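Dropping the structure in here first, questions after.
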Amino acid sequence: MTALGLVLLSMMGYSQHMHPANLGDGVDTARLLSRSDWGARLPKSVEHFEGPAPYVIIHHSYMPAACFNTPDCMKSMRDMQDFHQLKRGWNDIGYSFGIGGDGMIYTGRGFNVIGAHAPKYNDKSVGIVLIGDWRTELPPKQMLDAAKNLIAFGVFKGYIDPAYKLLGHKQVRDTECPGGRLFAEISGWPHFTQLNATEGSTPAPVEPHAHPQAVPQSTPQTPLPAAPKV
């Protein structure tokens, strides 16, 4: 069996060690963590769509900032879920999966569950958020490897179409997400796709993607600089 095959088979169960595809280069092992592992609240409801998903969409969180140890990354996942569920009124955390700076993969809504991360694509995509602000800095290698391995696993298990199209969030919404540096990186990944004008023009989603810092908690008395479209 190939090294990649070992990677994929090791991901079949949650909370099992997952070795990166380039085994033997000294990269730490990673794990695919379940919702219970990071302390997720129950979703308000779950709506499935028929797979395999034809799109994979990459995001950055902007805020929370990058996390580099598992307790901090678990807290980041909880913070995102709190904001999405309690402040925005969504069913759950918006993303399908999160990637931490610890190299771990955190299950959000999961595969084949309608998300709240990309307008017009929520019911036919896997939304992967790389925790942190990646406008000017590139995520560390362990995060990029984890994202690639997650996509490979999704294809292997039939959750993602083998001919999937890889997109950055900015291609389907007026936003800087997933950040310029990360977008430049994924532009060189297999299956990256440039959308035409018709495909990329979409109305606001039912559960609009937003970040905590872009939503004021009270009416300011003096004008404030506009928040970046992240």
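Using N, Cα and C of the backbone, Cβ positions are placed for all residues, glycine too.
TrEMBL: automatically predicted annotations, no manual curation.
The following feature annotations were taken from TrEMBL:
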- 1-17: signal peptide (SIGNAL)
- 30-173: domain 'Peptidoglycan recognition protein family' (DOMAIN)
- 40-179: domain 'N-acetylmuramoyl-L-alanine amidase' (DOMAIN)
- CYS67-CYS73: disulfide bond (DISULFID)
- 196-230: region 'Disordered' (REGION)
Quick one: of CYS67, CYS73, which of the disulfide-bonded residues has the smallest count of other CB atoms within 10 A?
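Taking CYS67, CYS73 as the disulfide-bonded residues, the minimal 10 Å Cβ count falls on CYS67.
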Tally of helix, strand and coil residues over the domain 'Peptidoglycan recognition protein family' (30-173) according to DSSP?
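Reading the DSSP string over the domain 'Peptidoglycan recognition protein family' (30-173) gives 41 helix, 35 strand, 68 coil.
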